[in-house]
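What follows is a short report on a single structure.
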Amino acid sequence: YQISWEVYGKNDSRLTHTLNSTTHEYKIQGLSSLTTYTIDVAAVTAAGVGLTTSSTISSGVPPDLPGAPSNLVISNISPRSATLQFRPGYDGKTAICRWIVEGQVGAIGDEEEWVTLYEEENEPDAQTLEIPNLTPYTHYRFRMRQVNIVGPSPFSQSSRVIQTLQAPPDVAPTSITVRTASETSLRLRWVPLPDSQYNGNPESVGYRVKYWRSDQPSSVLAQVVNDRLERELTIEELEEWTEYELRMQAFNAIGAGPWSELVRGRTRESVPSAAPENVSAEAVSSTQILLTWASVPEQDQNGLILGYKILYRAKDLDPEPRSHVVRGNHTQSALLAGLRKFVVYELQVLAFTRIGNGVPSSPLILERTKDDTPGPPVRLVFPEVRLTAVRIVWQPPEEPNGVILGYQIAYRLARGSPHTFTTVEVGATVRQFTATELAPESAYIFRLSAKTRQGWGEPLEATVITTEKRERPAPPRELLVPQAEVTARSLRLQWVPGSDGASPIRYFTVQVRELPGGEWQTYSSSISHEATACAVERLRPFTSYKLRLKATNDIGDSDFSAETEAVTTLQDVPGEPPGSVSATPHTTSSVLIQWQPPRDESLNGLLQGYRIYYRELESEAGMGSEAKTHKSPSALRAELTAQSSFKTVNSSSTLTTYELTHLKKYRRYEVIMTAYNIIGESPASVPVEVFVGEAAPAMAPQNVQIYYWEADSRNETEKMKVLFLPEPVVKIKNLTSHTKYQVSISAFNAAGDGPKSDPRQGRTHQAGVSKVVTVDVKGNWQRWLKVRDLTKGVTYFFRVQARTIAYGPELQANVTAGPAEGSPGSPRNVLVTKSTSELTLQWTEGNAGNTPTTGYVIEARPSDEGLWDMFAKDIPRSATSYTVGLDKLRQGVTYEFRVVAVNKAGFGEPSRPSTAVSAQAEAPFYEEWWFLLVMALSSLLLVLLVVFALVLHGQSKKYKNCGTGKGISNMEESVTLDNGGFAALELNSRHLNVKSTFSKKNGTRSPPRPSPGGLHYSDEDICNKYNGAVLTESVNLKEKSVDGSESEASDSDYEEALPKHSFVNHYMSDPTYYNSWKRRPPAATPHRYEAVAGAESGPHLHTVITTQSAGGVYTPAGPGARAPLTGFSSFV
């Protein structure tokens, strides 16, 4: 260390001593007594000497503890600083080395904690301190102390309470997480700002979220959350399977804070929102159609395309379309086989992801298979049979396979040659034929076939006997369904035909009835007459049926056979997966799965239970190649299971919830479900995703209190306090004294709120006297005292005593701060508008109290004080606005206003504060720079116009000849004086009486003041003609007298040079002229003026000209004389 000392103010007496680094104390000797010294100490390193700490002491005078500072004044209040001015206290005979400022922050009161806000060192003469690092929109009260070498002083008196100005929030919300909510939404969660970081009015605090697609950073969208306590936002209407980037900020009425760090989220995979493009179909044979298509647009794929499905059905024939699956997303064509011949098919193509099927292509593609030889005609019967003729009736083939061009009927005797037929061809529209010339009582074989352009089709053969003895057949018998032939969706019916009634059976009809309450439905009416068994299909699994049968010959139908025994089809795999599957975090390592059972009609048997498949997903940042290798959408579960990607658990068929435990924290899981019976599993449900690691608290905390309300009035008084730190203790303030409260608490995290603990009850203490404040009011004229900064709901006691030489008896009263019972409600919608010179405050009337509102009071809170004070009162009840001039407000200070309604019960609840508005008046227009520029340009233009007018006027003048006499008639008056010498000229004290033409308007024109060298005289300058007497009195000069008749002259020679206004004529027309230069008018003689009209119109010139009248040429003056000057007024 380096220590130096010197006599205060004498640098030449400076001494320096160096100490080692372990020495922290040194005794200075050899000082002079009663001398002030300055001592400096600095640390020293290899780099040099550091900053110096100084102290001033007086030798021989032991220092004392300093005194407390006083007169604390606060000014320049800003959001984060304030200026503290003070009067330093007693310095203790040594320099002050440190100033300490303490404050109460937020909560103000005698019991509140004081914290150190600022320390200033090495400023012994400071009287002003700038207190930095204050919190915006926070109440403060300051006190300070000073420290010298002996120790700290006592604390000063507390300052007034101030409130710092509002400022935008300093920080963004924290713990921002984004999770997938659905295919088109993301769920954003965050931890709200604590109260101390609002930096403004809590009612104005909110949050703003901006988000955009990662591949489109220029298309930014935004949403606003106005609730400052909100912790979650679901962003809707997003694109499927798209990554988004998000940022978040907090804002208040002043502005917005910084943006948070970037977070990313991806919406869930969904079904394709568009169909494959360019779908086309082409029939390649009578049973095959080739389809081709292009892929789905990338922006509409909404996930990984696992394959395509072709939906097709025969138009007007198939009730439901069938599907053909094409695996993989690279194959873009398919060949449909096994189709009906010459049938129009409706075709559509769709893509699918692991979530499900996308949109089918539109419009429908219609394509007809190629034609082929037709099938046999159907329902061949012989309604009329005679001994020698029969009539045959038929229906077109069920499978025409083309356009029917005609029919061929061939018949022969049954006992004749099998190759000898009588053949007849008929048209395509013919449905019956009569064969004649037959042998009686003989059997004939008939064959009927149809023809298309591809040739004759398969014939239908029937036998008929030419007889007239026929009857209806007997019903079939011995119906049997072998159990071995029963499946889940079909069975086989066997029977024995009955008697044909001497007419061959043409076909059988089978009917089916579903038990228990179904009706008989015809399954088929075209079973061959030769058949003794039939396969019945399209049945429902695990369903009981009964069947019956009838036969038909040429005469008609038989009765129905006896019903079979009830037959139950076998079970099949469930047709639907469980519905409404959801996965919710239950604990930090478990997930609760919930679902709805499949519909009963889709169970297809006895439900045995459910299987839950789950697997851990890769992080969203690393999702990539593995997912893209899956090519089987419908078999996704089986494929993944084969790869051991999923784990499986079984659940009972009676359950609808299941908890998956022992999962990894902070991992994404995918869950799918199936229902199963003894046959197998249903299709898989739509996959759901869940994030494991965050969950709402599962139980209430113990021995903590945070929700609180007054006992027996919970709905009206319940309040909540939020702590954002895991502290086990909280102090609840601003409660009512001697009141029972119940308190409970719940914990929360980003996943939600936990349950509340059981309420605990407690009573606040009875209020006592917390502080006594005494105010001394000087004089006897003041009968009131304004008390501010009271606490709402607290009762205050007041005592007033008068004093002369001593205090007299006291008068007591008490009042409870806050609205009185029955007072009006707070006004609403307070709005402040500012104009150039005034502020206008507007509001809307609030709820009326028990009595009508009688008026309003306006309170204001200036930014440099922080306390509400009455600003305007006695505002009429009908008013809804109030205007105040800006000159009544302090410049540079922002104000907040609120309105209080008043009725007979008292003052009501104040309205919400208005927005802060500055009292800075706008500069008047004539102080703006542009106004000065306009005025300067206008003045310059005006001067130019005047000069231009004078030039034009001067050029228009013409010289006039005074010999004509017109020059005098055009003048109002001329006065000519002969001066023998200018030096001897002196006006007589007698009154010069002239006519009115001499003094009328002569302030507008004055004679020139020529220089002696510029005088010119000639005969033309003398006018011998008079136009009447000019002077009423002679003019006497002290040296020489000249007759006035010899001195009158014309001023035409001077018209060009005479100004319109001059100093001379200014005084000629001024009455004070007679009071100067010994010129005094007689007291008894008034001034008389008369008007004389000119002989002709023209400009009136007001001039006074003096010329020499001694002949026609210029004669030099005598010795001692001076050349006369025109115009005696020039002398004046």
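First residue shown is number 1, and so on along the chain.
Every residue, even glycine, has its Cβ placed from backbone N, Cα and C.
What TrEMBL records for this protein:
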DOMAIN    1-64  domain 'Fibronectin type-III'
DOMAIN    68-167  domain 'Fibronectin type-III'
DOMAIN    172-270  domain 'Fibronectin type-III'
DOMAIN    275-372  domain 'Fibronectin type-III'
DOMAIN    376-470  domain 'Fibronectin type-III'
DOMAIN    475-572  domain 'Fibronectin type-III'
DOMAIN    577-695  domain 'Fibronectin type-III'
DOMAIN    823-921  domain 'Fibronectin type-III'
TRANSMEM  929-952  transmembrane segment
REGION    996-1019  region 'Disordered'
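When the domain 'Fibronectin type-III' (376-470) is classified with DSSP, helix, strand and coil residues number 0 helix, 50 strand, 45 coil.
Broken down with DSSP, the domain 'Fibronectin type-III' (1-64) shows 3 helix, 31 strand, 30 coil. Stretch with the most C-beta contacts under 8 angstroms to the domain 'Fibronectin type-III' (823-921), considering only 1-64, 68-167, 172-270, 275-372, 475-572: 68-167. Within the domain 'Fibronectin type-III' (475-572), the DSSP-based counts of helix, strand and coil residues read 3 helix, 45 strand, 50 coil.
Model confidence over the domain 'Fibronectin type-III' (1-64) is summarised by a mean pLDDT of 87. Broken down with DSSP, the domain 'Fibronectin type-III' (68-167) shows 0 helix, 44 strand, 56 coil. Remark: secondary structure over the domain 'Fibronectin type-III' (275-372) totals 3 helix, 45 strand, 50 coil, with classes taken from DSSP.
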